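As written in Swiss-Prot, here are the features:
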- Tyr108, Gly173, Glu188, Lys189, Ser207: alpha-D-glucose 1-phosphate binding site (BINDING)
Amino acid sequence: MDNHNSSHQLYKKAMALVLAGGRGSRLYNLTDTRAKPAVYFGGKFRIIDFALSNCLNSGIRRIGVVTQYKSHSLLRHLQRGWGFLRGELNEFIDLLPAQQRVDEEHWYRGTADAVYQNIDILRSYGPEYVIVLAGDHIYKMDYSIMLRDHAQSGYKCTVGCVEIAKEEAYAFGIMGIDENRKITSFIEKPKKNAPTIPGTTDRCYASMGIYIFNSDYLYDLLEEDITNKESSHDFGKDIIPRVVSENQALAHPFSMSCVPRCEGIEPYWRDVGTIDAFWEANLDLAANMPELNIYDKDWPVWTAQEQLPPVKFVPDRNGNHGVITNTLASGGCIVLGSEISKSLMFSKVRVLAGCKIDQCVIMPEVVVGENCRLKKVVIDKGCDIPAGMVIGEDPIEDAKNFYRTDKGVVLVTKKMIDELKEK
């Protein structure tokens, strides 16, 4: 395959399918009203924006987004923020909600079934390669490099993988590989004896939930899987182990295609599926030199852009000036004479006078009343925090009134605040 074909033409032969129908139950009340990919992240984005931005920046402009659980917020975001692709140039984002296309008795029953139920749509576009993506991880990756690796390998399936510590293997699909990167085993969330990377005893390759298939091979796998009554119709549990058994799976280490690719620096990839992981990944952005660069003009993260006035920091009525350090604030925010450190404020947040806020993630349209003290708190959209409230200092009170993790991060939602006001 010549360089021109490998670098320029392959992406035209591919279509991406972003799986965005999951609830994300480990995020507890954050997903009461929205799917996990629609959860806010990074001061102005939604989680799904990272996978979609990777597609666009990689040249992949034929995209389907598969939705199911509480999809209104996600669909509205995609319609408002991702409608700029040009259909006349064969660019599109197709929204694919569960609609019982092939089975009038079932909605999507698993990740593989979600793709199978849209198999007629995939076939109508005629891609040579199908890129299956999880819509709920935070990372920057050039899919065109992985696509080229897949096409040149001769394998029918390529699985994106990230290097992790062996003690974390219980939370991921773990693959064993040989010296040529052929996947020789695939174990979903092993409790012990996880296969390690050749040459190491304490590192494993975990699946990123990113798969590239030769399209005809994928269709055959899905049509066979759907007839298997023992199958859970899931890529990690059923499809990938089948591909491995047929010796058709190649491992693609994230370090080969991460953005940017820096020798000796571990690439940034986060599964933000728990409150602790979500909080930590958001606060990563408040570091002096964050590992994830959202200011990169060469690999921008796209999102819906609401027209808002600039953020404003002003003294309180007594002339006391606030102190703001290592904090990201989005458009429409107003802060009066308060101390805020290592935090993120999404759009239209109001912080009234005398507050002390540390290591907090504050989502859109939150009002923080006067003289509040907040530490290690995630505040969901639309909360009105009463004046004088203290959260994050008393573990017993926090656990009684809100959701508190074992690591001390406190989740606050509008429903929790309303119930507290009624007591």
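Quick reminder: no glycine exception, Cβ is built from N, Cα and C everywhere.
Bear in mind that the values here come from a model prediction, so they are computed numbers and not experimental data.
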Among Tyr108, Gly173, Glu188, Lys189, Ser207, which the record lists as binding alpha-D-glucose 1-phosphate, the farthest-apart pair of C-alpha atoms sits at a distance in angstrom of 22
For Ser207 (alpha-D-glucose 1-phosphate binding site), the three-state DSSP class is strand
Of the binding-site residues listed (Tyr108, Gly173, Glu188, Lys189, Ser207), the greatest number of other CB atoms within 10 A surrounds the CB of Tyr108
